[in-house]
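Before any comments, here is the structure.
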Protein chains: 2
Amino acid sequence: MPINIGILGLGTVGSGVVSILQQNAEDIQTRTQSEIQIKKILVRNPELPRNIQGKFQLTDQANDILQDPEVDIIVEVIGGIEPARSYILEALRQGKHVVTANKDLLALHGQELLDAANTAGKDLYFEASVAGGIPIIAALKHALAANRISALIGIINGTTNYILSAMAEQGRDYFEVLAEAQSLGYAEADPSADVDGLDAARKLSILASIAFNSRVTLKDVFVEGISKITRQDLAYAAELGCTIKLLAIAKHHEESIEVRVHPAILPMNHPLAAVNGVYNAIYVVGDAVGETMFYGRGAGSLPTGSAVVSDIIRVIRNIQANSTSMINCTCYRDLGIKASSEFFTAFYIRLLVKDEPRVLATLALLFAEANISFASIIQKPRGEQQAEIVLVTHPCREGALQEALDSVRAYSKVLMIHNVIRFEKGEESNS
Amino acid sequence: MPINIGILGLGTVGSGVVSILQQNAEDIQTRTQSEIQIKKILVRNPELPRNIQGKFQLTDQANDILQDPEVDIIVEVIGGIEPARSYILEALRQGKHVVTANKDLLALHGQELLDAANTAGKDLYFEASVAGGIPIIAALKHALAANRISALIGIINGTTNYILSAMAEQGRDYFEVLAEAQSLGYAEADPSADVDGLDAARKLSILASIAFNSRVTLKDVFVEGISKITRQDLAYAAELGCTIKLLAIAKHHEESIEVRVHPAILPMNHPLAAVNGVYNAIYVVGDAVGETMFYGRGAGSLPTGSAVVSDIIRVIRNIQANSTSMINCTCYRDLGIKASSEFFTAFYIRLLVKDEPRVLATLALLFAEANISFASIIQKPRGEQQAEIVLVTHPCREGALQEALDSVRAYSKVLMIHNVIRFEKGEESNS
């Protein structure tokens, strides 16, 4: 008996899934020892001419697929919250396994969906929801299962990584590169979900939940976007032997989880520093395995389709072994979320001051009052009796830094605080 | 009922396995919903004092463990061919699942062992046999199962990578760094298995078998070691924007497989170029996923233990779901092995010539006769009327290069061919 698949959505990812299932049909059949058939695909308009062919039927009626007793696996690649959520819940109620690429939905309603899958005794797989073709969810659930994960740092948004890479390589400005990225299709017309860090935050909430076995949702994640990063900051970062990346950071503390997405200065010898363009990577530190990194294309029709189809293969192997619904929700802990004022990181602070005696000494005192000291300082003349100063602090409490910045702002010799960027030094040295 | 584990061997990896199972016992128990107990450990001398503790029993009798009806999973971490092979076969006959870290054995007798596991209907897992804690075997068998893999390039020997990284970073000579690596314990007293490339070749035969679904054994792999690499070669590589790594390369052609281990010049912008020191990485190109890379520690007690224990967790999940023996042997093809004379790569050739007119022109002609042209040339004066020339060819048939080298050797103005090193340009550009 063939395994019948129903696909909801035939956009970028849906077309990739169809293409992989068709092109690699013979190998997939051998690997699963099953014949796989795409039976029905949900589209807005079944009458439109399309350049894909196959025995499947196009329909604009979701229930045609969800309630078809012959369909074994539903692939949800519509995206967004509704109707995707209702479709998945209905599919599970109808006794179907579900594979989805929907990060928005997982980040908001992951618990509800995984509970529904458990109740139904069906698989709900979602490898494609984070980092496209990179098998990071399988790694966390299976291949690193021996470990307690202490930290996970990801470059998991291709748009911002493309923009920051181009700014760094070409010495160009943010808005110029953003406009180019939009014209090339690497950024949306409304780029805010990407450049403001929300997309990365959604993915981070999914990854942190799995890595730390404790539910993290979107609202738990501290988020800051990249629009404040200038080419001047990138030039100073280079001078410091570093680059700037939008990092999604999750750390496991004794009794709490720290989750944050923000641009960060990163030493060039960190494995993540070489991840450029539209590539994604997730750096994971486990107590046994040490430092690992998983690298690949974070988006696109075929890379994301690779994750969806590999999940389909996993579900089919489960169906054959009668072992479905083994590993759905893995959140068996309930850890608190660390307040942002308690984050402990180093900072890069770029400011414009009057070039007068004792200004630097006074600045050092203002920071010292908040118990903050400097790891490095760069000072450069700027026009008439002004100087630009870049301060890199030793790691400090974020709350303390905010207090120090209040005093700095009140100091009359400080003309402007250009930028404050977190500085990520990495967990361990990378020999 | 607890799951009972018998461990054969208590060396570096065995101690790591015990330590992880003990330290992370609570999490592992929750993740598997099973109580796990180390019941017996095979050691040479059970009377020796040891600094590990637990309820387990030490024995020097393998059959005490292999034939204990209460033992569910045998962990083989003795290494070597015999008695490891006989122990694993006996364990499978006795109806036990097996987890092993033994690359030598898998590379030579993989087929026999996997067949025995299939016959017994038991799991035989071996993630730890390649690249320590990096979950590359699971990635190839599961997470990239949607793909046809076209190429796999690994840095999978930590000793040689440590030596080449130190030579490149510090401008030092091979034998000096090798001696240091030996004193630090990164290289064996007899380093030949590492520096001659045999260790990497064993691991490559395992990876290629899985990636291409066709059995590759050690004797199929073309092998060349790193002892011929000098600091001069590394300096020229740097001048070309490259570095030198011992690469394990497997490529899938229409009807054959190409498998080779040798030092190679690699552009600095290739993801593998930044993999330094004792780190390992495997770069995999799939038709759907595109370029991916898996990075981490390739050896050591805890990283390798991480892979062993993650395999144990997988076996336990299979036991509970009654779904063992699903994915043992995956070699459903039978592809031929490409002869080394048919390899198609670029080459770096460093030679000493008389510094006279027309020498370079003659060299170019000698290569042109074999249909080989140059991508770049560096020439430097060396002492009295001599010049050192580095030629980088465009990709060519290896057989053609050997013919050209014969003519070059016969040319009286060529005083010495210092070195010939393959040049790996990467599958796709890494934007």
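Note that Cβ sites are derived from N, Cα and C of the backbone, with glycine treated the same way.
A TrEMBL annotation is a machine prediction, not a hand-curated record.
Features as listed in TrEMBL:
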- A:Lys203: active site, proton donor (ACT_SITE)
- A:Leu8, A:Gly9, A:Leu10, A:Gly11, A:Thr12, A:Val13, A:Gly14, A:Ser15: NADP(+) binding site (BINDING)
- A:Lys103: NADPH binding site (BINDING)
- A:Glu188: L-homoserine binding site (BINDING)
- A:348-422: domain 'ACT' (DOMAIN)
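Summed and averaged per residue, pLDDT over the domain 'ACT' (A:348-422) gives 95. A count of other CB atoms within 10 A of each Cβ picks out A:Val13 as the most crowded of the binding-site residues A:Leu8, A:Leu10, A:Val13. The residue listed as 'L-homoserine binding site' sits 14 Å from A:Thr12 (NADP(+) binding site), taking the Cα positions as reference. Counting in whole angstrom, A:Lys203 (active site, proton donor) lies 6 from the residue listed as 'NADPH binding site' by their C-alpha atoms. Listed in chain order, the extra residues whose Cβ falls within 8 Å of the Cβ center of the NADP(+) site residues A:Leu8, A:Gly9, A:Leu10, A:Gly11, A:Thr12, A:Val13, A:Gly14, A:Ser15 are A:Ile7, A:Gly16, A:Val17, A:Val77, A:Ile78. Cβ neighbours of A:Gly11 (NADP(+) binding site) (same chain, under 8 Å, six or more residues apart in sequence): A:Val77, A:Ile78, A:Gly79. Under the three-state DSSP scheme, A:Glu188 (L-homoserine binding site) falls in the coil class. Sequence-distant contacts of A:Ser15 (NADP(+) binding site), defined as residues of its own chain at least six apart whose C-beta falls under 8 angstroms from its C-beta, comprise A:Ile52, A:Ser301, A:Gly305. Neighbour counts of Cβ atoms within 10 Å were compared across the recorded positions A:Lys103, A:Lys203; the minimum falls on A:Lys103. Most other Cβ atoms within 10 A: among the binding-site residues A:Gly9, A:Gly14, that distinction falls to A:Gly14.
Sequence-distant neighbours of A:Thr12 (NADP(+) binding site) (same chain, 6+ apart, CB under 8 A from its CB) are A:Gly300, A:Ser301, A:Thr304. If you compare Cα positions, the residue listed as 'NADPH binding site' sits closest to A:Val13 out of the binding-site residues A:Leu8, A:Gly9, A:Val13. Classification of A:Lys203 (active site, proton donor) by DSSP places it within a helix. Helix, strand and coil content of the domain 'ACT' (A:348-422), in residues and according to DSSP, is 24 helix, 34 strand, 17 coil.
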